[in-house]
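Quick look at what TrEMBL lists:
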TRANSMEM  10-29  transmembrane segment
TRANSMEM  41-70  transmembrane segment
TRANSMEM  82-103  transmembrane segment
TRANSMEM  127-149  transmembrane segment
TRANSMEM  156-176  transmembrane segment
TRANSMEM  196-223  transmembrane segment
TRANSMEM  230-250  transmembrane segment
TRANSMEM  256-276  transmembrane segment
TRANSMEM  288-306  transmembrane segment
Amino acid sequence: MRTQTHASRLLWLGIAGLVLAYALTFWSVPKDYDQWAYLWFVPAVGVVGAIIANASGTGGGVVFIPVFNALRDLSDWQLDPIRITAISMGIQAFGMSVGALRWTDRLLHQPETAEHSNEASVRYRDYAITCLLVLAISLPLQLVTQVFVQIEGRTILLAYKGFSIALGFALIIATWTVNRDAPERRNLSRLDLVVLAGLSIPGGFITALFSVGIGELVAFYLFLRHFPMVLAVGTACVISSISMVAGTVVNVHAGIIAWDIVLLAAPGAMLGALLARPIALWLGPRKLKTAGGLWIALSAFYLIGITQS
């Protein structure tokens, strides 16, 4: 009981720290209040994006990128693709961090599983190894790409989203066929670690370009392998959170963040992240995997459409 109480205190201390970080950011960055009336919808975008991102582990960029692309096309906002990615990273730095705290708290408060249940508990060791292994490979690649690589991302986006479509439908099929009544896997194997390490290479590169990628790949692989929700979604949120915070630091130094949008969306993103875990647990693994697979596949079709238009 002592450990659980301490973990809950750490959760709320962490959230308080994020609220303080938001307040300091609000105080220190330039703002144009005249524009805020035209951005009235942005807080709601933050809420919706964070719920989807932190309930499935897929990252909020799958919501933010299409919305801010549309904002660029329908207004006189000077939002080139690099700035849109920077905005998405800034919002997720707050939202995904709350989600990471919530899911890690769930790890520390796992309910006991029945003796013959198909559900499995997650070992702290597997949770930590997944996060550390993936970040050790993907994060340096992401930061190097952000700083040194200038690339037209259209072809890469098409290839990545084509892969996401296939992965999304594969997840749905596996959920309702081979994994339908199978017990959840309890331990990561050496093969799982090798695959996660391999996915970290393209994941870091793609995340630098689009603010989504590495969390999506980790969550989908662990879901496909039929690991528990806490491991699949929780590690994806932790990895995405650290990736977004580090990426935002780079973008601050580059001066490419449209702070008015980030400041309006971030509180909604933190609220959405608080709501996401209960929603995910209410849906249950099967419905969550189905919804996540559908969302990623459909959003991929949409992104491919706007890229070609």
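Glycine residues also receive a Cβ, built from the backbone N, Cα and C atoms like all the rest.
Predicted automatically and left uncurated, TrEMBL annotations should be read as such.
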Can you find at least 3 Cβ pairs under 8 Å between the transmembrane segment (288-306) and the transmembrane segment (41-70), where each pair is 6 or more residues apart in sequence?
yes
Cβ pairs under 8 Å only, please: of the recorded stretches 10-29, 82-103, 156-176, 196-223, 230-250, which one is richest in them relative to the transmembrane segment (41-70)?
82-103
Considering only Cβ pairs within less than 8 angstroms, which of the stretches 10-29, 127-149, 156-176, 256-276 has the most against the transmembrane segment (82-103)?
256-276
Using a Cβ cut-off of under 8 Å, list the residues of the same chain at least 6 residues beyond the transmembrane segment (10-29) that approach it.
94, 97-98, 101-102, 104-105, 257, 259, 262-263, 266-267, 270, 274
